[in-house]
């Protein structure tokens, strides 16, 4: 035994005797995780958060969260003699004086954009594969709260440099808070410590940004991962995979290597972007001053949908004055009510679907998106609404880059916001059902081979190659929920049944979800289809026409080495 | 002569010939090209030539005596600065009706533009083309120019002049390609939808500061590629395309063919 091994073994033994850590490491190292690239999306979020922590610690060493006014005197000539807050001045110093400071700032900001992008992508994966079903509803909520916290972290950090662009964002926030009836003005005064912008907002956002929000995110990430370990990871449907097992590789060494390596890839991509692409050039925007606003003033992409909603809302006629109090529906609806509805729907979706299906079983095998048409269509519809708002938030850039009229674009997006999700829903649902029917066809009749066989009586058939059992399993093993049956309104004695109206609503929702469905192929259907095909193909062949036998013999290689005489046996299923 | 003829097949002969040709062309251009200093005060001939150009190219819309017609503006009193801006950026003569006249390669050369400007300036008093010193960025203060730009220009042209949208298909163009003179004359005359920033509003020195600030932007971004300087939307597109694109590709690679 080498010295290194002896030293390692000795240390491990020392620790094990004192902490009993060996047991934990042993069981954890052997924990099995299924393998799929889409399971790494959440890891991108985790790793970009680690990058955020590392680069963020660096930034706090130099950033001064103060709104005290100073006059800039430094290496950036275009700011010399300009009055600015210490927050902005220290951001300039970070960018132009601190060694590696600009790179760190850009790493931090790109990592923040990536954090949100990967959270959203991960959430889409979980949604479209139905990974939120029992027992993972709670973890869906944890993830949802993490996304909201990510938005809060991004927003609070974005505002810290105290530049014109982020200051405009804060002004919009102030307007949104003030639009909340009754308490709005008081809340705005509380947040800003007086009239906007005041002198408190930067230090307050700083505390939230570097202490409260990351602390909460860290704690919830712990809970999120703990629940993943507790529930065990979901797996894609496939041969040998059931709700009672996990097919995959052990954490050690496979995933330790894969996940560890992936961390460096994520860090590398972020560093690559930060080293080559400017992000948030605050020196262009200038120190915050409430009077100027630049064209192309937009928030980071994850807040852009709010900007879009505000841009689309018509202003005239939506601001009501009631008994001397102003009700700003032009702000309240797009900035509070619409995102509130979208987010509530997203958070509650697992519970809505479980209620509609009445399914109380545990699910560890994922759905293929096509096998849950209404869920997939709802997700695409929500994403479409989100995307329309996103593009509407950039309507000025769309107008200039494609030489279109801003006013026409606004009108178009107003219509699209209501129409596009409906179209997306219908089209997606149709596509899902179509794909399911295609699966049925495949299972029943097999792959087309392109080989045409001519029978003695002149009939042509195309030979179909049956699916192997792995392919078939993937296509027949899914739940096609049926709508819940509604019990009659009155019992057998004619007495009105309690809870009937709630049941009726539930039945309606259930019908919406599951009325249109394609049932998986049953064994009986499969047997029928195959015998039916056999009848056609064999019947023709056995009449002993030499030409046909010759043709049939040509098919043999696909059939896996049957003797020539048995060419027609087995489940080959030509279609007629 | 014989010595030269003897070496005409030398392998450096083509290089020497090319160099001589380049020197000759360059020298001729330098000697003959009209320089800024050479463009002295317009003569009567210039005005006459400008009038001829005007009647041939501009009178259809602006009227034979530049009095304007059918909703097209009169050019009496717009001054040489306005003509210089509109014609040297190719906005006039207008190619087609649209929300606003787009910049395009200019239709006239420098001399013709000066002649047109001299003619229009002769019709009535108006702002003149600024001198080279008035638009020299080296004499301006970019920091003050930045402050003026943020307050007066950024709401349409964007924080560093990347351009922006206006109503009904109109737009504030990007300023990266604009020369100092064009920036000055644009402020002075307020072309298209742009307001006029006269000398009482923004003094000539401040105009020069703005020019200095915009020239500073041509040095590029300290943080790497500027991504078009269009702000967070551009950054958002890049994080999805490059960031998520590369990482999903890596994830597919890591998760490929394992079970």
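Just so it is clear, glycine is given a Cβ too, placed from its N, Cα and C backbone atoms.
Taken together, the residues of the domain 'Cytochrome b/b6 N-terminal region profile' (A:11-237) have an average pLDDT of 94. If you look up TrEMBL, you'll see A:11-237 marked as domain 'Cytochrome b/b6 N-terminal region profile'.
The transmembrane segment annotation in TrEMBL covers A:44-64 (among others).
Sequence annotations record features per position, and here TrEMBL assigns transmembrane segment to A:107-128 (among others).
Here TrEMBL flags A:140-160 (among others) as transmembrane segment. Sequence-distant contacts of the transmembrane segment (A:140-160) (same chain, six or more residues past either end, CB-CB distance under 8 Å): 63, 65, 87, 91, 108, 112, 115-116, 119-120, 122-123, 126, 132, 166-167, 169-170, 173, 201-202, 205-206, 208-209, 213-214, 216-217, 220-221, 223-224, 227, 280, 299-300, 302-303, 343, 346-347, 349-350.
According to TrEMBL, the feature transmembrane segment maps to A:206-230 (among others).
Annotation source TrEMBL lists domain 'Cytochrome b/b6 C-terminal region profile' at A:238-434.
Outside the transmembrane segment (A:251-274) by six or more residues, the chain places 28-33, 40, 43-44, 47-48, 50-51, 103, 106-107, 109-111, 114 with a CB less than 8 A from a CB of the stretch. What TrEMBL lists as transmembrane segment is A:251-274 (among others).
If you look at the transmembrane segment (A:331-352), the same-chain residues 6 or more away from its ends with a CB under 8 A from one of its CBs are 127, 132-133, 136-137, 140-141, 144, 148, 172, 175-176, 178-181, 305-306, 309-310, 312-313, 318, 378, 382, 385-386, 509. Residues annotated as transmembrane segment in TrEMBL: A:331-352 (among others).
For A:372-392 (among others), the entry in TrEMBL reads transmembrane segment. Listed by sequence, the residues of this chain that lie at least six past the ends of the transmembrane segment (A:372-392) yet keep a Cβ under 8 A from its Cβ atoms are 124, 127-128, 130, 301, 304-306, 308-309, 311-312, 342, 345-346, 349, 353, 398, 409-410, 413, 416-417, 420-422, 424-426, 428-429, 432-433, 436, 512-514, 516-517.
Summarising the annotation, TrEMBL assigns transmembrane segment to A:412-432 (among others).
Positions annotated as region 'Disordered' by TrEMBL: A:528-576.
According to TrEMBL, the feature compositional bias 'Basic and acidic residues' maps to A:532-545.
Contact between the transmembrane segment (A:44-64) and the transmembrane segment (A:206-230) is supported: at least 3 Cβ pairs lie under 8 Å, counting only residues 6 or more apart in sequence.
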